[in-house]
Every structure is written in structure tokens, then in C-alpha cells.
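Q: I'd like to ask you about the structure that follows.
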């Protein structure tokens, strides 16, 4: 089956100038040559500590920020080259659910208007038909259609996240980018929202790019997963294999720090050995070597090449497995 | 500190050039043909052409612009069209009067506003506070010429404590001060009202901070806590307001000078308006802006002294 | 707490502006301000019917009369009724300041909105220009612009608007900088909304209340600047009565008839004070820092 989304060597650097009278240019390599594919109906996880570039990668492939290099293809169509109507049509295919349900809705717009506006913009439905669809979407995400005339501040965080999901569905997308969709919610509400997402995925045959720092959520939701460290993918493969038997020392650390497979009992990843180096000043060689217990002299010199982990088992970038 | 001052001085140069550019643009765009504006509708084409040559208006726009900026930065604003004297000389002869007035008004604003603001903050929501708030609201609602006329009527015409005419001999300091008091109070009233409000709210904020509680807990006398610890941290917003309102002060000084018939920049500008002295207006606009830029610079430097964190920025 | 459909949070749903209005109403200062402004607006609007005399009617016999039963506030040097002239003059003050502030609000607001939204070097440049505009003392700028354009109603509006554009641009821009980082703006982009739609349908409504409060406060300044320009002689031309112009006429006769300058002066003071009171009340009511006091 052909993948719906192909990301190849995606790159995003943030450049800033600081200082007077001799300004220094600081380049933050937020996303450095990452590649992955997502198949129809598949949930692909992107996992890593905060600051590793996973959210930036998600925004760059949606062109919410403009990437600096690489290519993104939606069913073969070049996303990064799309302009005007072509870009608008592509935006219908890929939607995003945000982390913070409190800032993702316009505080002065009623729920009904927030749901009907995208339908009007894309010419999907107007007037009474749009309202009927909006009501149906609310019910699909578990809220009464009566909520249409209310305003965002009248809802709890979990309810707002449901509204955010319904809003993403208004344009009938095929891929949802879920950027830490539950990490801002109360633990008791997280499971309900995750269940809703899984239900929608099955009912509508949606593909997912699921960005999270939470291994247990990824394990429960995703088919395949990529582990990111300092802007790069260091390991990729089926979720079951990567999370149970990781090859990369960093992935092993992540696994050991999050031992409980029950999503309702997990905690946030504890900090592991050492500080994360700055993406503005990445170490030479393998970016993980300063924190790696297996570090060898070669690790501080050469960037490890991508090595297959066996047929259908993904791959890893580590000299131990080179 | 020296690096900080140098940086600010350097940063003021582009601002000055931008201000000059804006003056140039306003004066060129707004009135259409300045020669026509000066001479009026009935002027003959020959007279207009002659005046255009005299004003340098027939040169290309960019060369007019460059010579305007260049001359202005050297302190040369050209000659008055009416008296044909250099504008700089006209201004220099009356500038001490205007500076006397604004500085005195500022001092009045500070010595009234700061204590009243602190007093109000200490009696929050009490009679004194409510009274201070109402009075300051009234104070900042007074157009300067109205308060000037009221003060003139009361203190100069009714009680005859102060003179009606404010033109003083610069050499005689007693006379200079005596004639300055009423105009300075007039001009300083709005300033005092603003400073009262800002001091009150800055003190309320600063007295609520933890370091105030710490100071009290370790036994520092309350008077010292208020005037040293509280006021030092409230001083930044106060300085900001004083800096910001110097512009308003300069504008209002024009009105004050009219009401009290004092010599100064305001009298010159009104004279230039009546005589359509077009080069004079342009020069005065630049001089006013120079004064504002200088005040902003001084405010910035004061920040650096009051708040050590600013120097690093 | 569970968040199933059955348990919608009870509506804590009084919109912010209603809360602000309620709070402003419970404040006696604001109420007094509203009453003052209302009285002056009514006097101006109904001047043709309410004014006891024709404001232009000259009466050689009764020149410089002190206040009396016939002329409540006295007469000027041409024997014209001060009260009637004040009522008609209010029209000029209100028209010029409302017009100028409306123009400054629209132009300055649009500049701040677009500049803040686009950001980057463009924003930096626009704000530099606004800073330069701010460094002109507003009375001086107004004075010179009116002098160059010629004093009439429209030019007064233009000149006063020009002095108020920069502050409105700053006030509009600041919240835009914060709002454009909110996820709902990104959500709009992800949904394929145009920048114009995001800017005017989603960001503008969220900054409107701040700009409106600022508008009330600046209305007071505009009244003061208009009166000052008229006092200098750059107001709407006589015989149209203006408060500043009347004060000036009175000032020239201050030894013979002090009431000539006092009454228009009080009128200006009252209007500016009333507007400041309303503006203060609105600002306190909408300022989130003070809301929970």
C-alpha cells in the first residue's frame, strides 16, 4: 500500500542575531534531516523529550512554519511547493489537534460559528446544512448539539479538547496531527480523550501523526514510532518492538524511565542522566554521546549511519549497531 | 556604564535623522507649494518663482533633503523669512525662558506629586486617598490655558500677589523667580496630577512586594521602609511618566507663554504662525523634537542609574 | 471530574463587557462622568431648540453684560449670549474630537493590527516610524499641521487624528503580539483560512475592547487639543462659536468682564473631566490586573 504521507530529510533551523555592537548569529537546529512515512489508517508516533524538535517537525510538515529543506509529499503531491488553492486543498486533507485546549479556540467565537466557519471557507456546507453537520460532529465527539450556541470559556479543558477535535474534523481530513493532545489535561480526562481519538481513527479510517513525550500513550495508540533526539530521528520501527526492545541507548533510557504500561498510572518522564545539550550548539558526532553510557571514541567524531534492524523492524542510528 | 551611555547616544542618531525626515516630509507634503502658501493666492508667478529659488525649492528633492538633514545636524536651520535672522539665534535668545518654565513646572510636579501619591498610597481607600484621586483627576483635566486664566484672575488680578506679565530680566534672579512661580504652577498642574496617580499606583505595587515585608520584619523603621525601599522601586514608573510628559509640557508651555505673556519658544511659534514664517516653523518643529530626543536620552540614562539591570540590555 | 456530555460546566457566562459595564456602573465617579458627558451631548444636539438666544445675534445695547435673568451667563463684547454660544460651541468640540478619535482609532488600530501580525523587520520599521511620530509634542504637531493646512473643521480633525495615530497603533499592536502566538490563530491557518480572515474575524474582535477604552481616554485629550488650538486662534473660524475661541475672546477682555473667560473655561474643564472619569472607570473595569480587587 502506498503511504499517504512521505517526509524526506525535513529540516528547520531557527536563526537569530544577538548582541551589540558585534552581533553573533545563533542557529538552533530544531529539526535536522528527518524522514518517515505514514500509511493509510496508520498511527505513527513521534516521541522524545521536550525541546527535541518533535512539535516543530509536525508544524513544519503542515507548513504552519516554513521548513528550510527536505520534501513532504501527500499521496505523491509536493506539499512544500503548493501555493494558493492547491495549498488550501491540501490543508483540508491534514488537520491538527493542539496541546493547549485553552488557547486553541477563539474566546469570542461561539462553538457553532467555530465549527461552521471552516465548512464555509472550504465550500463544504453553509447555513442550516452547516449547522446540522456541526451538531452531528459535536455528538460524534461526545458533546450535546446544544453546545453550539455556547462560548469556549463555558467548557472544561477536556470538553474544549473534544471541540478542538470536532473542529479538525469539519473539513473531513484523512490525516490528523495530534500534538501532545492530552498532556495539558487532567489525568482522569486524558484516557477519555485518548479513547475518543482511537474510536474516531477506527470509525473514519484516519491516519495519525501522534506527537508525545509520553511513552505509554504512544505504546497504546501507535502502530509505528520514531524516537527523536536533538532534532534527529535516532530510532524508528514498530511501536511494540521499539518500546519493548529498543536498540538505541537513548531509547533504552526512555523505556527504563517509564516502566508502567498502564496509561492511567503513568507519570511524566523523569529526567535522565545529564542535561540535554542545546540544539544551538549540538555536540560533534553522535548527538547523544555526552550522555551515553556506551560512548566510544568514534561516537564523538562520526555521525552514526542509519542501520536496518531487520525486515519490518525499522532501523537505528548508533555505532553499536553499525 | 560608559559603554551603556555610548550605546544610547549612538542609538539616538538614527532617531534624530528619522525625526528630521518626518519633518521634511510633513512640511513638503502637507501644504502643496510652500511658496504659494507663503505668498498667498494673489501672488504673481514671477514672485513665486523668485521665492522658490530663494528657498532652494527648485533644486531636486533629494538634494533639498540632504542639505536639510546636513544643515540641521550641524545646528543650522536657516534664516527666518520675516526677520532674515538665523533661526538658531532667535531661538537661543528666548530658550532660557522656556527652559526655566518647563524645568520649574517639572520640579513643581515632582515636589507635589510624589509626596501626595505616597500619602494616598499609605491611606489606601481612605479620605486622603479618595481626595487625592479626585483632585488629580480634575488636575489632569485642566487645559493649561484655562488653569492659567483662573490662576491669573485669582492671584494676579484679585489678590495681586504675582505680576500679570511674566517677562523677566534674566540677570535678576529674584525677579526671574517671582515672575516664574505662577506660570510654573499653571504648567506643572497637569504634571503634578499625573505624577500623583503614577506614584500612588507604583507605591501600592511596590509596598506589596516581599522585600518590603522582609525589611519590616527585620526591624527597619516604617518611615525608612517607605521612603527608601518602597520609593526606590517605585521610581522607575515615575521617571517614565516624567520623561513621557515632557512632550506635553513643551506643548503646553506655548499656551502658558501666551496666557502670561512670557517670551519663549511658544511666543515665537505663534508669531511665526501669524506671519506665515514658514522656515521658522520648520526650524521650531525640529528644535522641539531635538529637545524631546534629548529628554528621552536622559530618561534612558536615568533608568541605567536607577535599575542596574537596564545596563546589560 | 469526569467530562462526559451530561456534565457541561454550569455557565459562568457573563461576557466580559457586561461585567465591565456593571462594574463601571457601580462606581460613582464613572456615573458622574457619564452624566456630565450626557448633559453636554444633549445640550449640543438640542442647541437649536434649547438655546435661549441666537448665538450670532449681536446686541449693541447689552455688550459685556454680567450674568442676569435674561442672559444667564452674561454677554460678550458683541452682546451675544454666552450660554447659547456655549451650547452651539459644544457641537464643534464634540464633532472635531469624535471625528479625530474615530479616524485615529481606525487608522492607528489598523496599523498596529497589521504590523503586529506581520511582525519581523516590517513591524520593527513601522514601530520606529510610530516612535518618531510620538516624539513630536502633540500640541505642536497639531498646531503646525493646522497652520499649514488652514484652520477649518476637516483640517482640525486631520491634525488631531495625526497626533493620536501612533498611540493607537501601539495599543492595538501589543495584544496582537500575544494573540498571534495563541493556538487558535495556528488552527485557523491549518484550516486554510486567509490571513485577512484570521486578522479581522479572529484577532480584531479580541483587541477591540482595549482600543475602545483607549478611545474614551483619548477623547478627553482630543477635546483639550481642539480647545487649545482654538484658543491659539487655529480653531474653526469665527463667527462659529468654539469654546477655545470664546475663552480667548474673554481673555482679551479679562479686566472688564472676567466671566467671559471663566464660563467657556469651565465648560471645557467639565467635558474633559467627564470623559476622563468615564475612561478611567472603563479602564479599571476592563483591566484584568484590577478586576479581582
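Cβ atoms are placed via backbone N, Cα and C, with glycine included.
Just so you know, TrEMBL annotations are computer predictions that nobody has curated.
Note that the structure is predicted; figures quoted are calculated from it, not measured.
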Q: Looking at B:134-157, B:206-229, which stretch does TrEMBL describe as transmembrane segment?
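A: Of B:134-157, B:206-229, TrEMBL gives transmembrane segment for B:134-157.
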Q: State, in range form, which of B:9-30, B:134-157, B:177-196, B:234-255, B:285-306 has the highest count of Cβ pairs under 8 Å to the transmembrane segment (B:101-122).
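A: By the under-8 Å Cβ criterion, the transmembrane segment (B:101-122) pairs most with B:177-196.
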Q: Please give the sequence-distant neighbours of the transmembrane segment (B:134-157): residues at least 6 beyond its ends with Cβ less than 8 Å from one of its Cβ atoms.
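A: Sequence-remote neighbours of the transmembrane segment (B:134-157) are 116, 163-164, 182-183, 185-187, 189-190, 192-194, 196-197, 252, 255-256, 258-260.
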Q: By Cβ distance under 8 Å, which residues at least 6 away from the ends of the transmembrane segment (B:177-196) in the same chain are close to it?
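A: Residues 100-102, 104-110, 112-114, 116-117, 120, 132, 135-140, 142, 144, 147-148, 151-152, 155-156, 162-163, 165-168, 238, 241-242, 245, 248-249, 252-253, 256-257, 259-260, 262.
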